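Pulled from TrEMBL, these are the features on record:
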type   : residues : note
SIGNAL : 1-18     : signal peptide
DOMAIN : 16-160   : domain 'Thioredoxin'
Amino acid sequence: MKKLLPLFLVMVSFCAISQNELPKVDMTTLDGNPINSQELSTDNSVVVVSLWATWCVPCIKELDAISEMYQDWQEETNVKLYAVSIDDSRGVKRVKPLVNGKGWDYTILLDTNNDFKRALGAATVPLTLLVKNNEIVYRHSGYSPGAEMELYEKIKEFSAN
């Protein structure tokens, strides 16, 4: 029993550390080019990773709200947003028309098999992450009006560090 306790503590610590790291998952861009999630945050800047779907009304509301301020956010903090669609292979055909219709200026990625969503342990969408140097520094599930301002405050906080 005494030998198992230290092993257990090491395993718990490892799990806690590994959950803060952005998982390594292959996805595709809207144009069909492969990209690995580890390529999203390669320097010291903060990136927003937003998991969403075309059928998710709160997801679209959140991305619309951010879109209104995104250019200002970029100018002030140099933040970049990756909107990761979790639409499956049947629903993915609706992603490009929706994005074009909304005029979103985000990099859109496709996670049609939900590998990235699963690796993050995401139960629902929207899920918004702030990532810096491939480490998840902030995580928020769901959306309510005004949440984008909380996100912006977190972006500024982690951009300053």
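Note that Cβ sites are derived from N, Cα and C of the backbone, with glycine treated the same way.
Note: TrEMBL annotation is automatic and uncurated.
Quick caveat, the model's predicted, so the values are computed rather than measured.
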Predicted model, mean pLDDT over the domain 'Thioredoxin' (16-160):
96
Which residue counts does DSSP yield for the domain 'Thioredoxin' (16-160) in the helix, strand and coil classes, in that order?
60 helix, 38 strand, 47 coil
